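K.L.:
Sharing a structure here in structure tokens format.
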Amino acid sequence: MPAWDSKLQYVLAQVGFSVGLGNVWRFPYLCHQNGGGAFMLLYVLLLLIIGVPLFFMELAAGQSIRQGSIGVWKHISPRLAGIGYSSCMVCFFVALYYNVIIAWSLFYMGNSFQYPLPWEQCPVDMISNQTVKECASSSPTSYFWFRKALDISDSIDQSGEFNPIMTGCLLAAWALVCLAMIKGIKSSAKVMYFSSVFPYAVLICFLIRGVMLDGAVEGIKYMFYPKLEIWGEVQVWRQAATQVFFALGLGYGSVIAYSSYNPVHNNCHRDAIMVSGINFMTSVLASLVVFVVLGFRAKNIALGSSEHWWPWFNISDPESVTLQDYREWYSHYGNLLGSNITDCDLEREMSKGVEGTGLAFIAFTEAMALFPASPFWSTLFFLMLLNLGLSTMFGTMQGILTPLMDNFRVLGRHKTMLTVCSCILGFFIGLLFTQRSGNYFVTMFDDYSATLPLIIVVVFETFSVAWIYGADRFLDDVEVMLHWRPPVIYCYLWKYVCLLGMVGLLAASLLRMVFKRPTYTAWNHTMGSETSLEYPGWALVMLSMLIIVASLPVPIGYLLSFLRGGRSLPVEEGEIEPPRERYSKCNSAEPEPNNHHSPLDEDRNRPRSTFLPLGAEHYRLLPQQEEGEEEEDTGL
């Protein structure tokens, strides 16, 4: 059975999957909206009592059972096979829109090789010889994003034609993913050496450059200033728990798939703590970079109209007037001035466009246009986004391919064909996101195709390990695997804290959907600004179907197994049926080498540990193949 070439490869793969775009543009936004340092403390608390235990549970299950998400939960109980299929469906939905973000990064990176940057100034209408009205009403960066990159429509109802340039970028993105995945673990793991490490180098470069900018200190203060009163708000707890949940990639099956290639006695407990810690520190580093740059941008905007107000101070150098001096002066004399002189509210400017695409493609691009050698910094930034997106896409595709190849031998024998067909299918369905209203569908998939289904998946995962299989029994198996027993507190965390926390998060998310009609942010080209619109009826049906389709395999799998009296689901041609003997009472019997019987035959002839279906002697490092040799079935 194939394995990672080294521990470093595995750690980089797990870090690359868990550290994604959300660390750069979601976590800083939540810190800013929810009390800065107070939100970080809450996040660390939930990470320790919910995130790390669940992450450890998935790592241990994958490493011990040695299969993808479908095989792992079917191994525990045939009635739980639907959990793995739900994980595959969610991974597929996420891959569809996540690769669109990679396509956007490719587009912006390609446009960064010119000076000045194309989003630095508003274009001029060739007929009237005046600035384009839509750009004049907004900003050069907003205009470039909404009109040049997306050519966006005014609502989700107005689909419009396909964007040919973005369609080409999407094709290139899927080609990159396909080429990296096609040779499995040997190829993608090598790519990980670059794609996982490069973002850290870029973030450190940006931080060093950013702290030298005017406004950097204000940005950092704004980020870390604690507002402890937010701990009393249920919404903040929901957002913190959701961020912990998605930051670690729980429920996708990718964590399980990656850990299934580990040596059987690998210390997965240490891995869980290490990867979770790296993930959190990356979020803090990214937040520092974001708020340093946003502080610089906000101060430039706030003081950008100095030519209007500095004569009132009777000074020759407007830079000698601080923002605090100006605001104090404006509070006394502002009502005597004209409308072209306004209050310089740094906090108001800091709060604009700091989430998601608004941060990456509008606020950050605007700030980088003010940097010396702006094309260099722009290219570096979007190359970083590209690497973050690709490393997460590798894990997401792994969550699709590994379970299918583990459970259907016919697919495992044609790994290359499965990978290519999956990417082609993803590209054609992804054309939905390259039409003029495509950005609105990206928002819909991001908000609804993963959140509820993943929470449901993790609730069932936790319940199956803690109560169906038994938390104590699970720790017994982990003890056999690691040669030492993890702290007993994990039993109580899995059985009560994690399970109740995930059920509470599921309830809060459902109530929010029921009592607050789903909305999306649309671009109004007439006013040159964003506006919030409610989803039309057909869109509500579509987002409901996304949730139902992704969640349905869980109850269907249970019901089919129940109707068959608890027996395993029918074995299709090429599918592996796990032997029932594996579900017997745990013991620490080590398998003995037997060159004449398969591992499944060994299972039938002697007792063995439930979560250790194969002995360490069955695992070997992947051979380095020469070009043209037959591929190994690595499942990656």
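Cβ atoms here come from the backbone N, Cα and C positions, even for glycine.
Heads up, TrEMBL stuff is auto-annotated, nobody curated it.
Features from TrEMBL:
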type     : residues : note
TRANSMEM : 38-61    : transmembrane segment
TRANSMEM : 82-107   : transmembrane segment
TRANSMEM : 165-185  : transmembrane segment
TRANSMEM : 197-220  : transmembrane segment
TRANSMEM : 240-261  : transmembrane segment
TRANSMEM : 273-296  : transmembrane segment
TRANSMEM : 376-395  : transmembrane segment
TRANSMEM : 416-434  : transmembrane segment
TRANSMEM : 454-471  : transmembrane segment
TRANSMEM : 492-515  : transmembrane segment
TRANSMEM : 535-560  : transmembrane segment
REGION   : 573-636  : region 'Disordered'
COMPBIAS : 593-606  : compositional bias 'Basic and acidic residues'
COMPBIAS : 626-636  : compositional bias 'Acidic residues'
K.L.:
Give me the stretch from 38-61, 165-185, 273-296, 416-434, 535-560 with the greatest number of Cβ pairs under 8 Å to the transmembrane segment (376-395).
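P.N.:
Per the Cβ count, the answer is 165-185.
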K.L.:
Which residues, given as numbers and ranges, are at least 6 beyond the ends of the transmembrane segment (416-434) yet have a Cβ under 8 Å from it?
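P.N.:
Beyond its ends, the transmembrane segment (416-434) has Cβ neighbours at 92, 95-97, 99-100, 103, 162-163, 166-167, 170-171, 174-175, 177-178, 181-182, 397, 400-401, 404-405, 441-442, 631.
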K.L.:
Please give the sequence-distant neighbours of the transmembrane segment (535-560): residues at least 6 beyond its ends with Cβ less than 8 Å from one of its Cβ atoms.
P.N.:
79-83, 85-86, 89-90, 93, 156-157, 444-445, 447-450, 452-453, 456-457, 460, 517-520, 569
K.L.:
Going through 38-61, 197-220, 273-296, 454-471, 492-515 one by one, which has the most CB pairs that fall under 8 Å from the transmembrane segment (240-261)?
P.N.:
38-61
K.L.:
Could you tell me what the rest of the chain brings near the transmembrane segment (273-296), counting residues at least six beyond its ends with Cβ under 8 Å?
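P.N.:
Residues packing against the transmembrane segment (273-296) from afar: 11, 14-15, 18-19, 23-25, 27-28, 31-32, 40, 43-44, 47, 51-52, 55-56, 200, 203-204, 206-207, 210-211, 213-220, 222-223, 247-248, 346, 350, 354, 359, 363-364, 367-368, 370.
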K.L.:
Look over the recorded stretches 197-220, 454-471, 492-515 and say which has the most C-beta pairs under 8 A to the transmembrane segment (38-61).
P.N.:
492-515
K.L.:
Report, as numbers and ranges, every residue of the chain located at least six residues beyond the transmembrane segment (197-220) whose Cβ falls under 8 Å of a Cβ in that stretch; write 'none' if there are none.
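P.N.:
Counting only partners 6 or more residues beyond its ends, the transmembrane segment (197-220) has Cβ contacts under 8 Å with 12, 19, 282, 285-286, 288-289, 291-300, 323, 346, 350, 371, 377, 380-381, 383-384, 387-388.
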K.L.:
Given a Cβ distance threshold of under 8 angstroms, which distant residues of the chain, six or more beyond its ends, lie next to the transmembrane segment (492-515)?
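P.N.:
Contacts with the transmembrane segment (492-515): 46, 49-50, 53-54, 57, 234, 238, 241-242, 245, 451-452, 455-456, 458-459, 462-463, 465-467, 471, 474.
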